[in-house]
Every structure is written in structure tokens, then in C-alpha cells.
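A quick write-up on the structure given underneath.
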């Protein structure tokens with residue numbers, strides 16, 4: 001509908017506004033070039049608004065899909081990790097299918113041995129020694145296979161010592177059954193105890209804020225742990241995801257730039273007992289150095305935050321992720337305090353975990369604030385230096401005048417002496 005509306009307006013106003021360029025740039029490949037260049041100015045804002053695609057979603061999952069992977073054999077070389085990474089429904093299906101197929105496979109072999117030995121023809125013959133007692137068909141062979149691999153041992157069907165091929169098959173099935181049990185049970189155990197489930201109780205604030213802290217403009221966000229068991233050796237990292245173009249003209253999509261959240265001071269290593277506010281000082285090394293409040297909504301960037309640590313209960317490494325786009329960065333706000341002192345303990349109110357309040361914050365960038373601060377100090381420097389320069393100039397002028405007066409006096413004396421001689 002938006003496309004039709006834009007094309008109609010272009011056709012109506014084409015004769016009147018051939019040379020007017022629209023400040024709004026919209027990429028519509030289906031429109032002709034002239035229509036794209038002469039877009040009307042009164043376009044619906046919803047049509048012109050560009051949607052920012054997330055690199056990492058709020059729940060921490062990466063919004064990246066791998067396509068055209070030709071070397072698929074690499075997934076099979078690491079089959080254990082491949083099974084662990086599968087979804088639960090596929091994992092359970094493979095778990096059931098592996099056991100069922102092995103039971104059916106060995107059950108078929110037990111039935112073939114009994115059939116080739118002629119045990120099926122001597123059912124009920126007390127003088128005949130079969131390979132497996134009480135095995136009278138494929139169903140009973142399948143049940144005997146289950147009993148052998150799972151070591152149930154009901155005692156009704158049992159292998160005899162007159163069947164060497166059965167003894168060899170029994171050894172093979174026992175060994176392979178142990179391998180299948182170890183592989184599948186280990187896979188299920190690892191999937192159940194995955195540390196990423198622990199990350200579900202690590203929370204990040206919905207928004208990030210920019211405000212003044214200790215006289216410096218800072219970017220801040222809040223993290224918290226909902227469990228009483230703590231994350232050991234917790235550390236925080238932050239990355240700026242933004243496309244860039246190098247000086248040589250190379251375009252780098254989704255370029256990653258490190259955001260310092262206390263790496264050099266040790267503030268990135270957290271004791272995460274209560275919610276903490278992570279602060280990034282916007283200085284000359286910061287990628288936000290030249291970004292002001294008016295310019296921030298125009299930027300196409302994303303901040304990815306990563307919290308890592310070891311689970312205290314299991315000792316496994318855990319990682320939680322989240323991200324903030326420009327619409328989720330609030331300029332001139334601070335986080336509402338959530339920690340209060342009660343009778344003998346501290347209480348955290350997670351109802352206020354995501355809440356913010358507005359505070360007095362300059363709308364200028366950190367670079368502009370630094371320039372303003374330097375200009376505020378310059379008049380004093382100028383006055384001192386100007387006075388020193390003026391004093392030096394006066395001294396030089398006085399010396400020149402004294403020199404000229406001395407020269408005039410010397411000239412007068414020389415003239416008098418010459419006249420007296422004459």
C-alpha cells in the first residue's frame with residue numbers, strides 16, 4: 001500500500017517537482033530510478049522508518065543463520081556435540097530410535113541363528129538342544145535381544161553352551177550395548193545439565209542509560225542474578241556492533257568494537273550477589289565519543305553485553321547474553337535503586353530492576369563537553385599570556401627609545417666637536 005501511494009504521488013507531482021530531491025532515502029528496487037529520486041516529502045513516516053535488525057536478541061540467542069554449508073561432514077565428525085545441540089524433540093526421537101534399531105537388529109540375528117540351526121523345527125522336542133531355550137519365533141528373539149542388551153535376565157530364555165555362534169553374538173551385543181548406553185545416556189545427561197539453563201536466571205535491564213557520573217558522561221546497564229547460588233569468577237564484556245567503511249573503501253558489515261567496562265581497573269570482574277550497574281566511561285577511546293543526544297537515534301548500532309562465570313553448584317562455565325539497540329538506550333536517565341537495608345539483611349526489590357528515572361544530563365556529546373570545558377579555561381590562560389606579552393613589548397619599546405635617545409645625544413656631541421675644530 002505504501003509503495004502504491006508513493007508511486008501515485010510521484011506520477012502526479014512529476015511535472016512540478018522534477019528537480020526537487022527528497023531528504024528521505026528509501027530503497028525500493030521495483031520503482032524506476034526517476035521515481036526513487038523524486039520521492040515526495042510528505043511520505044508516511046511508517047513507510048520511511050527503517051527497522052533495525054538485531055544481531056543478538058534480548059534472550060541472548062544469536063540472530064544468525066548459517067547457509068550454504070558444504071562441509072556438512074564436519075557435523076558428523078563431532079556427533080556427540082551435534083546430538084547435544086539438537087532440539088529436545090529430535091534428541092528424544094534419536095534416543096528411542098537408536099535403542100529400538102539395535103534391539104531389532106540383534107533380535108533378527110538371534111532369530112536367523114535359530115532358524116538356520118533348525119531350532120524352529122524342533123520346538124517342544126526334549127531331545128533337541130537349541131541355541132536359545134524357549135525361542136520359538138521372531139517376537140521371542142526380539143524380547144531375548146532386549147533382555148541381553150539391558151541385562152534384565154528374566155531367566156525364561158537363556159543361551160545354551162551348544163551354540164558357539166550364539167556365544168560370540170552375545171559378547172558382541174553386550175559390548176556394543178554398553179557403548180550405546182554410555183553414549184546416549186551421556187548425551188542426555190549433558191543436555192539436561194547444560195549451563196545455559198543457568199543463564200535463564202541471569203537478567204539484564206531492559207534499557208541502557210546515558211547520564212553523568214562523577215562529572216563524566218557514562219553509558220550504563222544493570223545485571224542481576226535471581227538465584228541464591230552465585231556465579232563464581234563472574235566477568236562482563238560489551239561489544240559495539242556497527243557496520244563501517246575503511247579508508248581504503250572496504251565495507252565491513254557488523255564490525256565488532258570493544259567497549260571498555262572496566263578491563264584496566266578490574267571493574268569488569270563482578271561479585272554478583274546483588275544487582276550491579278555496569279558503567280562505561282565515554283572518553284576519547286570510546287566509540288560514543290562524538291555521539292550526542294540528537295545524533296543517537298540516527299545511529300544504526302547495537303550493544304551486545306556478555307556475562308560469563310562458573311556455576312557454583314556444578315563448576316561448569318555459564319554465559320548469558322543480551323543486547324541494546326538505539327531505541328533502547330535512554331539519554332538522561334538513571335536506574336532506580338533496588339537495594340534496601342532491612343533488619344539484619346539487605347533486600348533486593350526486583351520489581352524496580354528495569355525502572356529508570358530522568359535526570360539532568362547535557363545533550364551534547366562527550367567530545368563537545370570536553371571542548372566546552374577547555375574553552376572555559378582558556379580566558380584565564382589568555383589573560384596571563386597577554387599580560388606577559390604586553391609587558392615584554394613595553395620593555396622592548398623602552399629599550400629602543402633609550403637607544404635612539406642615546407644615539408641622538410652622541411650625534412649632537414660629535415657635531416659640536418667638529419664645529420669647534422673648524
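Just so it is clear, glycine is given a Cβ too, placed from its N, Cα and C backbone atoms.
Just so you know, TrEMBL annotations never went through curation; they're auto-generated.
Listed ranges 47-66, 67-86, 127-146, 207-226; the one TrEMBL annotates as transmembrane segment is 127-146.
In TrEMBL, the transmembrane segment annotation falls on 166-190 of the listed ranges 16-40, 166-190. DSSP states for the domain 'Potassium channel inwardly rectifying transmembrane' (56-195), grouped as helix (H, G, I), strand (E, B) and coil, give 89 helix, 4 strand, 47 coil.
Beyond its flanks by at least six residues, the transmembrane segment (127-146) meets 103-104, 106-108, 110-111, 113-114, 117, 119-120, 152, 156-160, 162-163, 165-166, 173 of its own chain at Cβ-Cβ distances under 8 Å. Long-range contacts of the transmembrane segment (92-115) within the same chain: residues 83, 86, 130-132, 135, 137-138, 141-146, 148-149, 163, 165-166, 169, 173, 176-177, 180, 184, 187-188, each at least 6 residues beyond the stretch ends and with a Cβ under 8 Å from a Cβ of the stretch. Mean predicted confidence for the domain 'Inward rectifier potassium channel C-terminal' (202-372): the pLDDT average there is 92.
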